[in-house]
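Pulled from TrEMBL:
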{"type": "TRANSMEM", "residues": "27-44", "note": "transmembrane segment"}
{"type": "TRANSMEM", "residues": "50-69", "note": "transmembrane segment"}
{"type": "ACT_SITE", "residues": "Glu63", "note": "active site, proton acceptor"}
{"type": "BINDING", "residues": "Glu63", "note": "substrate binding site"}
{"type": "BINDING", "residues": "Glu70, Lys88, Asp89", "note": "ATP binding site"}
{"type": "BINDING", "residues": "Glu70", "note": "divalent metal cation binding site"}
{"type": "TRANSMEM", "residues": "90-111", "note": "transmembrane segment"}
Amino acid sequence: MKKLVDSFKFAFQGILYSFNTQRNIRIHFFIAIIVLILGIYVRLSHIEWILLLLTISIVVTSEMINTSIEKTIDLVTEEYKILAKIGKDVAAGAVLISSILSVIIGVLIFYNKIF
Ligand SMILES: Nc1ncnc2c1ncn2[C@@H]1O[C@H](COP(=O)(O)OP(=O)(O)OP(=O)(O)O)[C@@H](O)[C@H]1O
């Protein structure tokens, strides 16, 4: 039981660290809250809520994995290494793809509700 509580505690420490140190994650959380409030306001359907929550979780998760990869690479080397660059750039690319697609999904969900 203590092991389970500890693993939750460490996971929350990871969430707090990401939130406190990564500006992009704070921006994503802020946008997610706005979108969730808007979702209540326009009365999204069951399936629209599922898609919206999935989209938010993919964006936040990709940001946090990106942070984790950046920190791990910084731990391994502080020198300029092409593999370090590839590792960080690919992780950043994943964040960019999920962010762009989340905007498209947001527009698809909300456009008809608002206009
Ligand atoms: N050790 C390294 N070797 C080669 N290129 C690196 C290295 N560290 C960083 N880079 C390059 O610099 C870019 C920015 O890296 P950095 O670690 O500053 O992350 P960041 O995108 O600024 O994120 P954050 O501001 O959240 O730390 C990387 O995407 C990569 O192209």
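For all residues, glycine too, the Cβ spot is worked out from N, Cα and C.
Caution: TrEMBL annotation is automatic and unverified by curators.
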Checklist outcome for this item: For the residue listed as 'active site, proton acceptor', the same-chain residues 6+ apart in sequence with C-beta under 8 angstroms from its C-beta are Ser18, Gln22, Asn24, Ile25, His28, Val95
Checklist entry - What else in the chain is close to the transmembrane segment (90-111), if you only count residues 6 or more beyond its ends and a Cβ gap under 8 Å? => result 24, 28, 35, 38, 42, 44, 48, 51-52, 55-56, 58-59, 62-63, 65-66, 69-70
Item to check | Local Cβ density at Asp89 (ATP binding site) - other Cβ atoms counted within 10 Å | outcome: 10
Next on the checklist: Restricting to the record's ATP-binding residues (Glu70, Lys88, Asp89), give me the longest CA-CA distance in Å as a whole number.
Outcome noted: 9
Item to check | Number of Cβ atoms other than its own within 10 Å, given for Glu70 (ATP binding site) | outcome: 16
